[in-house]
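What TrEMBL annotates here:
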ACT_SITE  Tyr138  active site, proton donor/acceptor
ACT_SITE  Lys166  active site, schiff-base intermediate with substrate
BINDING   Thr49  pyruvate binding site
SITE      Thr48  site 'Part of a proton relay during catalysis'
SITE      Tyr113  site 'Part of a proton relay during catalysis'
Amino acid sequence: MLAERLKGVIVPVVAPFTAEGKMDTESFRRLVSKLLARKAHGLIINGTTGESPTVGAEEAERLVEIALELRGNEDGTPILVGTGSNDTAEAVRLTKRAKALGADGALVVTPYYNRPSVQGVLEHYRRVADVGLPVVAYHIPYRTGLELGPDALAAILEIEGVVGIKESSGGIRNFIELGGRTDKALLCGDDLYFLAALCCGASGAMMASANVATERFVGVYDLFADGRLPEARAAFNELVPLVRLLFAEPNPAPIKWLLAQTGLLASDAVRLPITPISPELRRQMEPFVDVCR
Ligand SMILES: O=C(O)C1=N[C@H](C(=O)O)C[C@H](O)C1
């Protein structure tokens, strides 16, 4: 059951490009192998961090195939695929494709830009969940332009086939609001709130930062799960300066730069309109390169 495996540190994997902007599957293999070796609890392919707006459907499918091949056996680290769209029919089509490829679940962002009613959003998730691949809904108002209240989020979680929610509305309030209303997975999508969300009932986080220093984020989770909160706090506090820098400019450019410095990615290339990081941010991140090897 995917629902029980949605916990810990789930990493939305970056999509590496060559300096010329082509998909770089060799770097992707290296990165996924390292994330699995460092015991990430799950992977997301084609999330925001995987530059889903500028990665084509065929490119994304190839990355899913590679991740599943590297993961191997069916019960290992869950692999989810970003299949969201603001066109319900397209989200259904992409989710069917992810299911056919053998993914464990779909991460489906709330429809963005067209600002549907709550009724429309619920129908959107019903149609996508009907595909039969477990769905994690993704609430990220600052990107989508659609802020849903706790009642609407709870209603999404009631849909059969929706197994959890990735909550990124900039705080822990919705974890508190939803905690007593659902037993489905609540996952934090705001890296800075990782530990706070765990304390408020989240079962884990889907966080871009864990593309680097993966074992340290996993370490925070393990300490928390062991009931060693003061040590978890100390370990997380050490990561906070890094997390801040990773989001100081548009994600995933800072992460790609760090991964390229460690040699894991051949290039820090991003696709427009995302741009490479500034010289000033490079200077600030330089001290973290060794931490991220
Ligand atoms: O790709 C993701 O999934 C994430 N995207 C967020 C964003 O870029 O806004 C950040 C979060 O860590 C995970």
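Cβ coordinates come from backbone N, Cα and C, glycine included.
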- Task: Give me the Cα-Cα distance between Tyr113 (site 'Part of a proton relay during catalysis') and Thr49 (pyruvate binding site), rounded to a whole Å.
- Result: 19
- Message: Between the Cα atoms of the residue listed as 'pyruvate binding site' and the residue listed as 'active site, schiff-base intermediate with substrate', what distance do you get, rounded to the nearest Å?
- Response: 14
- Same-chain residues at least 6 apart in sequence with Cβ under 8 Å of the Cβ of Thr48 (site 'Part of a proton relay during catalysis'), in sequence order, are Pro12, Gly82, Ile140, Arg143, Ala208, Asn251
- Task: Among all chains shown, work out which of the recorded positions Tyr113, Tyr138 has the most CB atoms within 10 A of its CB.
- Result: Tyr138
- Task: Based on DSSP, name the secondary structure state of Tyr113 (site 'Part of a proton relay during catalysis'): helix, strand or coil.
- Result: coil
- Quick one: which of the recorded positions (Thr48, Thr49, Tyr113, Tyr138) have their CB closer than 6 Å to ligand 1? Thr48, Thr49
- Lys166 (active site, schiff-base intermediate with substrate) and the residue listed as 'active site, proton donor/acceptor', distance between Cα atoms, whole Å: 5
- Query: Per DSSP, Thr48 (site 'Part of a proton relay during catalysis') is which: helix, strand or coil?
  - Reply: coil
